[in-house]
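Down below is the structure, laid out as structure tokens.
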């Protein structure tokens, strides 16, 4: 999640200095910013790279890619690519960069510019159309998805992607509204309908629609599937000593990253009868330090930083 509130350095990423340090940037290295956003991390990486260094700037948001091209299109060190980060392995392989990436950074979730743009439809704090696509050049909008999804799938998405306890009740209300020709068309209308179907007192400091909006966004963008697909190829991309740095903003993402690093950091335990090459049993990553969260000062300056957690792993030889 790139950026902070207006009035400060509007697009300063959360844990910026910590992420740059964790990458252990070498002047001649090859690095990948898998979530360019508005370029805060990229600028920091480029400042530490020498003329022979290389940086891939990747984002699925056309607006972010436009910013990348405007700022770094003339920099010979930069390769700019529009697409999901799970498409990265194929692109890097085509460029001959398997096992040659010295650092890969992922700043997951929705960016502050996306949240702050009413037209994008990510936030109920600003009245706008129900879009929610991270890539506005393809895919269905949230409104289109709600027009065709069945109640069971919708309920499961709200439960699994939003950890919403009242997923069935909310799903039933949305399907009923659709059948009555009253399916919400704006973020505000959707938030109100959801709030009406969340019983009890709301959680302190959290709108009743927060979990559902997260779930819908994750579902229509395939965020967790993209993350899982990329993680499975990380060890094919990183050079020995290369770093993986991931900043997550909710437990669904962080659990996946934590589980992946743990799995790749342990020795395989298979029966002697299973014919596996010895190197296949060896750990491929080592966890670097503990999970890191923003300090009190950063959280006070940027409330969106409160849920952030950064994990780092290093590719073993």
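Each Cβ is built from the backbone N, Cα and C atoms, and glycine gets one as well.
The S-adenosyl-L-methionine binding site annotation in Swiss-Prot covers 39, 40, 41, 59, 85, 107, 114, and the record cites sequence analysis as its basis.
Of all the Cβ atoms in the protein chains shown, 24 others lie within 10 Å of the Cβ of residue 114 (S-adenosyl-L-methionine binding site). When the neighbouring Cβ atoms lying within 10 Å are counted for each of the binding-site residues (39, 85, 107), the highest count belongs to 107.
DSSP assigns residue 59 (S-adenosyl-L-methionine binding site) to a strand. In the shown protein chains, 24 other C-beta atoms lie within 10 A of the C-beta of residue 40 (S-adenosyl-L-methionine binding site). Cβ neighbour count for residue 41 (S-adenosyl-L-methionine binding site): 29 (other Cβ atoms within 10 Å of its Cβ, all protein chains included).
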